[in-house]
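Asks: If you scroll down you'll find the structure; I have some questions about it.
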Amino acid sequence: MKGVHFLATFVFLAFAASLAFASDPSPLQDFCVAINDTKDGVFVNGKFCKDPKLATANDFFFPGLNIARNTSNPVGSVVTPANVAQIPGLNTLGISLVRIDFAPYGGLNPPHTHPRATEILTVLEGTLYVGFVTSNPDNRLITKVLNPGDVFVFPVGLIHFQFNVGKTKASAIGALSSQNPGVITIANAVFGSTPPIRSDVLAKAFQVDKNIVDHLQKQFWYDNN
């Protein structure tokens, strides 16, 4: 009987352990430089890997995050990413950066979410009003006004934004806990999807007249990423 109890306990613990480690595993090599050529690669975490012996310094390098970008667009901001698409050596390493530039008097990084990453933001210059909204049912708004040197965290998956409340341009650096964090800009996804979401669905969801939804779906939804 003791043997049966032991076996049952062992099976239960093994099953629990399999659930505990169901997320992406840690890398089993020093690095996995991403390549597009499938001929000589090994597929790991969404990318094919270059032979480590062929890796060079440029696989781990990206220049220019010190350069301010042009914010002359409808939302008054631009995001410069440094993720696995720009730095192949980031593949499997679980980290990336973005630079965000904001126009004076209201440059906005619109409400969006990163489905695969937490973000930690550091303000370089200017004054930003930032915040995120907690999940249902509370939907609590948590905000802060940030100045140069201030740091703020946006938890993974939550809707968040940054807004320039100053009279001068602003910029910030964000670090994200994924080499490919993904971005879903809320307005773009809801009102600018391809094909469009049925307007009667959105009218009921937002409790507004269908004509308002039709108007919103006809707008050009700018993507600053």
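Note that Cβ sites are derived from N, Cα and C of the backbone, with glycine treated the same way.
The signal peptide annotation in TrEMBL covers 1-22. Annotated disulfide bond per TrEMBL: Cys32-Cys49, in sequence order. The domain 'Cupin type-1' feature in TrEMBL is assigned to 63-214. According to TrEMBL, the oxalate binding site annotation covers Asn109, His114, Glu119. The Mn(2+) binding site feature in TrEMBL is assigned to His112, His114, Glu119, His160.
Help me see these features in their spatial surroundings.
Replies: Note on the domain 'Cupin type-1' (63-214): its mean pLDDT in the predicted model is 96.
If you draw a 10 Å sphere around the CB of Glu119 (oxalate binding site), it holds 22 other CB atoms from the protein chains shown.
A 10 Å cutoff on Cβ-Cβ distances gives His114 (oxalate binding site) a total of 24 other Cβ atoms nearby, all chains included.
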Asks: What is the number of other Cβ atoms found within 10 Å of the Cβ of Asn109 (oxalate binding site)?
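Replies: Asn109 (oxalate binding site) is surrounded by 27 other Cβ atoms within 10 Å.
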Asks: Sorry to bug you, but what's the C-alpha spacing from His114 (oxalate binding site) to Cys49 (disulfide bond), rounded to the closest Å?
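Replies: Given the Cα positions, Cys49 (disulfide bond) is 24 Å from His114 (oxalate binding site).
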Asks: Once near-sequence residues are set aside, which residues in the chain of His160 (Mn(2+) binding site), 6 or more away, have Cβ atoms under 8 Å from its Cβ?
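Replies: Sequence-distant Cβ neighbours: Pro111, His112, Thr113, Glu119, Val130, Gly131, Phe132, Val133, Phe154.
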Asks: Count the Cβ atoms, other than its own, that fall within 10 Å of the Cβ of His112 (Mn(2+) binding site), considering every protein chain shown.
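Replies: The answer is 22 other Cβ atoms.
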Asks: Which of these disulfide-bonded residues has the least crowded Cβ, counting other Cβ atoms within 10 Å: Cys32, Cys49?
Replies: Cys49
